[in-house]
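Some features that TrEMBL has for this protein:
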TRANSMEM  33-61  transmembrane segment
TRANSMEM  67-85  transmembrane segment
TRANSMEM  121-138  transmembrane segment
TRANSMEM  158-182  transmembrane segment
TRANSMEM  202-226  transmembrane segment
TRANSMEM  246-264  transmembrane segment
TRANSMEM  348-368  transmembrane segment
TRANSMEM  420-441  transmembrane segment
TRANSMEM  480-498  transmembrane segment
TRANSMEM  510-531  transmembrane segment
TRANSMEM  576-594  transmembrane segment
TRANSMEM  686-704  transmembrane segment
Amino acid sequence: MMTHDDVEGGNLGHYQDRPRTFPNMRSKPYTPVLVRALLGINVRVLFILLLLGLGAIFYIGASTSPIIVFVFTICIISFLFSIYLTKWVLSKDEGPPEMAQISDAIRDGAEGYFRTQYGTISKMAILLALVILCIYLFRTTTPQQESSGLGRSTSAYITVAAFLLGSLCSGIAGYVGMWVSVRANVRVSSAARRSAREALQVAVRAGGFSAIVVVGMAVIGVAILYAAFYVWLEVDSPGSMNVTDLPLLLVGYGFGASFVALFAQLGGGIYTKAADVGADLVGKVEQGIPEDDPRNPAVIADLVGDNVGDCAARGADLFESIAAEIISAMILGGTMAQRCKIEDPSGFILFPLVIHSFDLVISSVGILSIKSTRDSSVKSPIEDPMAILQKGYSITIVLAVITFCASTRWMLYTEQAPSAWFNFALCGLVGIVTAYVFVWITKYYTDYKHEPVRTLALASSTGHGTNIIAGVSLGLESTALPVLVISMSIVSAFWLGHTSGLVDEAGKPTGGLFGTAVATMGMLSTAAYVLTMDMFGPIADNAGGIVEMSQQPESVREITDVLDAVGNTTKATTKGFAIGSAALASFLLFSAYMDEVATFAHEPFKQVDIAIPEVFVGGLLGSMLIFLFSAWACSAVGRTAQEVVNEVRRQFIERPGIMDYVEKPDYGRCVAIVASASLREMIKPGALAIISPVVVGFLFRILGYYTGHPLLGAKVVASMLMFGTVSGILMALFLNTAGGAWDNAKKYIETGALGGKGSDCHKAAITGDTVGDPFKDTAGPSLHVLIKMLATITLVMAPVFL
């Protein structure tokens, strides 16, 4: 029996002979203040408050539109479904005590970092809210605002409230993603001892809970804000605001979501990859021990990183994607309805909310379609988890097509152009096909069943240098097909909208941009299922780590290795999906920005001439921003990883008994190093992204004032936004695909190919994976958040540039 003195002195004996003890990262578990306050309230009082809250929401919804009531109903049913998924996952056993101890250490480390990181982000958000308030209090008002009686102060407080609500909801989305992953990982590990199919089902349902909550919150957040403003401002009553102008008041919500998502992605990405690189370089390459060996001092930090970098950050990221897309589509729908003089424009404005409500329903069906085998005691051969997930995705896609066509007929039918709804349904189909093709392309370039990754693995057999060359060239090549697909999508969706029959007073077709917006909605119409597949990845990765650290039989590790490899592919496909949707959403937000500038300037603003030197310079600055941001994000990982490498080496030198299981590593020290460094390092690239467009626009506005070009600031920012979007899409595609391919080339060799684990080929593949880590999990995912944030910040700050 192990004594307390044995643990304190690090005299643990051989790990397989005795129970393992893993440290808590803090003295007590962390629960957010809001949750603690709710738990402190009497259950009956809480129930009454909940009923009153729901009653108020439905009352506001009923005062706005029956469509809003429909959206609220679907969202609340989806939240109840997510509670069912949580109870189902948490009802699964945690396995033997050593598994639970490792899981507790991961959970405490993740929650501790999350608390500190989001504390820092919340302070920055409050500071930025004050800056926005000052700008809006002193800016000019538009003719629409003057006619509706919406003064500067009201407009300022509305924008700041929307920004803070967007920030809060984005933070909650991130917390939900992390909360479930740190509780599901050990249950997946335990299920893997019984069958691969059960482990897959637990991981998918845990990811599904997070995805449903994230998408549901994005939808209900925008819907509540829209309905509250509609009732408060008495929209559409005589002398007040027109309903077609209302979506512009929601821009602050999208900006708040983007702001939090960028810092969550940056901080989480730096954390997870610095720990991963440090653990791999010393553990795998120098000491020759397995990836998640309990002797590696950085192993707990690496597993914590999966949760804060992939689950929390990706939850905030997808929340922001959906919120930005809904708001931009609502703005364009309202603008088009106004130009076409459509009697009831609410269908065109609220259409995005309905589409994402159906997304919750069809994705829930897709999640439930993945079932466990009836008799888990019968040992069957391991099925391909990717094929099972793909089957669920196919079901979701088919349902998406049906619900999308039904929604367009319900919401977008108008007497002015009876066949327009059919054109818009085809636009949605273009988006759905684009999403499917994007997922397939990313899978082709990152799954080791296909030629590109196998060729990359083969390049590892001739050394480290050839592996890097092959990975970089694969990443560069992988940008071609997605760009062709995006280009075809934008052109075809624009053409379908343009020929829908909707025309303005002068007889000019006006449906082109809205057609592109509908295609973006189509692409994101399966977002909840795609996010489920993404969340599955880090949960499976954590499960593999727990199995390795608790030294379970090899057969269990085989199951988690297969799930982990598939998780790498699903994470890469989600990033590809997010980049595609970011490209389309940014195009829409860019159009909304030009409309807003025209409204403030009281003159047309239809095009940007890059032959003007200052405008061309704006484009160069936009492209430079992408490269500089990527460089700072990658170098942040490198610097933090160096600290981890030095700490791990120090522990191996000063505690030689670690390798013989005699001394216990200091896991908490590595966690503390990575947490403080990632918080410090995320500030510089994040600040660059926020400040750059505002400074550039303001400086060129002053230059334009003195040179007699009043719109110069707005034009330069438009050029910066356009070039930044294009450069960002290409850079993100390159970074994400190259990183994913390097990771799975290593996984392919670890299956026994080309010499297997420990071979020179494997060591070269580890080098490639190390280089690819900051590419695919720090800089790459942060870039598509950056693209959308550039678009939303220019929308919010447009008055500064005029």
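Just so it is clear, glycine is given a Cβ too, placed from its N, Cα and C backbone atoms.
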Candidate ranges 67-85, 158-182, 576-594 - greatest C-beta contact count to the transmembrane segment (246-264) (under 8 angstroms) = 158-182
Comparing 202-226, 576-594, 686-704 for Cβ pairs under 8 Å with the transmembrane segment (67-85), the winner is 202-226
Among 158-182, 202-226, 420-441, 480-498, 576-594, which stretch has the highest count of C-beta pairs below 8 Å with the transmembrane segment (348-368)?
-> 202-226
Cβ contacts under 8 Å made by the transmembrane segment (420-441) with residues that lie 6+ beyond its boundaries = 355, 393, 397, 400-401, 404-405, 408-409, 412-414, 478, 481-482, 485-486, 489, 492-493, 496-497, 499-502, 511, 514-516, 518-526, 530, 573, 576-577, 579-581, 584
Report, as numbers and ranges, every residue of the chain located at least six residues beyond the transmembrane segment (576-594) whose Cβ falls under 8 Å of a Cβ in that stretch; write 'none' if there are none.
-> 317-318, 321, 324-325, 328-329, 331-332, 335, 431, 434-435, 438-439, 441-442, 482, 485-486, 489-490, 513, 516-517, 519-520, 523-524, 527, 530, 605-606, 718, 721-722, 725, 728-729, 732-733, 736-737, 781, 783-785, 787-788, 790-792, 794-795, 798
